[in-house]
Amino acid sequence: AAAAGPAAAAGLWSEVNRCGQNGDFARALKSVNKILQINKDDVTALQCKVVCLIQNGNFKEALGVINTHTKLLTSDVIAFEKAYCEYRLNRIESALKTIQSASQQTDKLKELYGQVLYRLERYDDCLAAYRDLIRNSQDEYEEERKTNLSAVVAAQSTWEKVVPEDLGLREATYELCYNSACALIGQGKLNEAMKKLQKAEELCRQSLSEDSDVTEEDIEAELAIIHGQMAYIMQLQGRTEDALQLYNQIIKLKPTDVGLLAVIANNIITINKDQNVFDSKKKVKLTNAEGVEHKLSKKQLQAIEFNKALLAMYTNQADQCRKLSASLQSQSPEHLLPVLIQAAQLCREKQHAKAVGLLQDFADQHPANAAEIKLTMAQLKIAQGSVTKACMILRSIEELQHKPGMVSALVTMYSHEEDIDSAIEVFTQAIQWYQQYQARTNHGCCVFQPKSPVHLSLIREAANFKLKHGRKKEAISDLEELWKQNPKDVHTLAQLISAYSLVDPEKAKVLSKHLPSSDTMSLKVDVDALENSHGATYVRKKAGKLTGDNQQKEQGQGEVKKKKKKKKGKLPKNYDPKVAPDPERWLPMRERSYYRGRKKGKKKDQVGKGTQGSTTTGSSELDASRNASSPPTSPRPGSGAAVSATSNVIPPRHQKPAGAPATKKKQQQKKKKGAKGGW
């Protein structure tokens, strides 16, 4: 049995060796376990077991084997495998300690050390580590080391805003081109970065298309990170629609990189802002995927958390917003955004006083960030209508009091409140600051102009403001100061003379002698061209061509008025040029001399005006008043029926008074309307 043990172990070692060369580590692990059953303290077998577990992706189990056999597997024997397991299990600090505790720093440990430093965002140390590796190693992994080196430089440019140095790397691979583009983005050179990304895309397609096993889907999946960076550049350039379209195309590919998906989802949320919040709520789920925290940098994760808090505020989830912002503030107490988000949430809840108090507390606790916080407080005061209090807050920011933008804002606000004295005081304090700064720098023998351009600009603006508001005496001192600085400034001298003319006319006359003569001020100006220019308020009209007598008459005149062309009026269709037009054609028809009223039709004349059934036929023949030899009033016997049948004489009781014709006419009109509707 004792002899059979070594023989069996030898066969098992042969099996382990063969499986290792074939890459069948699962089968090799079985053989190693059999060897350990024969000899559980075999150090080589334990090392092989750890390697097999690592190759199979069982990092936790491999680390458990190492920790269980610490006496046999010392740091000198298995330091790299232990550090690598800790690195893959995202125990980065532990991996760093394991590497540093190793007695001998092998090339493998140095490579892993560079990766650990990169994950810890210690970019300066990482850069030095990779430079040392590239300098002291020559193998087939040189291209990978250069790629990692360029990635470190890109990270420095992006997150630490360090201007990258030229490493002299030949951008022969798409990875190097991509990292170079990221470094350019960090410097703000977006157009150059886009060209680098386009080159990286071409190189990626070329290198992957050479492999027959790679499909178009595989190529698109590999290009996803390049396209994502292109979309980010578009977003920075303001081409949000193009960026959004490209982002959505990448999401449709469903890449396996959770870090890439989280960044794209976050960028879409920033484009949506307070609009399309339902889409943003869907996209925010991609940022919560498992393992995202290990794929992104601290600043990326922080930006995602900020956007989550803002999204909660926009969706009226006040408690969630407060919870997220409080968590962010506990992680980064000196950061501005968490407290600003909390203040914004309070303002949405109409608690402006509480928001101002929160900002004031933060400014007291963190004086380094007090300026930005006080600017926000001033904005809240302005929104409440407390302009004077906003001015007091702004004037409390000592490091910004002398800035032209701050001076302009304060003067505008004080002018709005009609507090001219305070506005002039703001000018005075700013001018005094520059005078003191000039005195300090000149005393220290620093190169400084007698009056800086900003200083002179403030003095001029102060003088103009005082002149505008009737403070002539105060403006005179400023204008004299400006004139001393530049005695050749005619504009300042003219302003000074104008101010003195209202206060001291004699002084104005004395100063007017310093004005240059008209001969020296004459400029070679083409008056005609100036008057005919596009910006001139008066443009001289070009003279028209004159002939004959008109030319002689208009010879002495400087301008010729053009005659306006009269448009020909439209003539009626039945116009006859041979017939003279009607002189009364401008009068209404009723007012013309030949108007006879409306023509009455024959049927209208035949309408009976008496009793129903009577006619007007022969009424004139039977009218006794028109006949000289009228018959007797009594009818003859036998003729009564005939008379009643043909007569239109209305019996006395059917007759109407003198005003009857008007009423009769109205009745006839009503009958017409009724007849028209009936027919």
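In case you wondered, yes, glycine gets a Cβ from its N, Cα and C as well.
Keep in mind the model is a prediction, meaning the values are calculated, not measured.
Taken from TrEMBL, the feature coiled coil applies to 92-147.
Annotation comment: TrEMBL describes 561-571 (among others) as compositional bias 'Basic residues'.
Among the features that TrEMBL reports, compositional bias 'Basic and acidic residues' is placed at 573-594.
Residues or ranges marked as compositional bias 'Low complexity' by TrEMBL: 608-620 (among others).
Look at TrEMBL and you will find 628-642 (among others) tagged as compositional bias 'Low complexity'.
Annotated compositional bias 'Basic residues' per TrEMBL: 663-679 (among others), in sequence order.
Per TrEMBL, the feature domain 'Signal recognition particle SRP72 subunit RNA-binding' maps to 541-597.
The region 'Disordered' feature in TrEMBL is assigned to 540-679.
Sequence-distant neighbours of the repeat 'TPR' (224-257) (same chain, 6+ residues past either end, Cβ-Cβ under 8 Å): 174, 178, 181-182, 185, 190, 193-194, 197-198, 200-201, 204, 217, 263-265, 267-268, 270-271, 286, 295. Taken from TrEMBL, the feature repeat 'TPR' covers 224-257.
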What counts of helix, strand and coil residues does DSSP assign across the repeat 'TPR' (224-257)?
26 helix, 0 strand, 8 coil
Structural state census, the compositional bias 'Basic and acidic residues' (573-594) (DSSP three-state)
3 helix, 0 strand, 19 coil
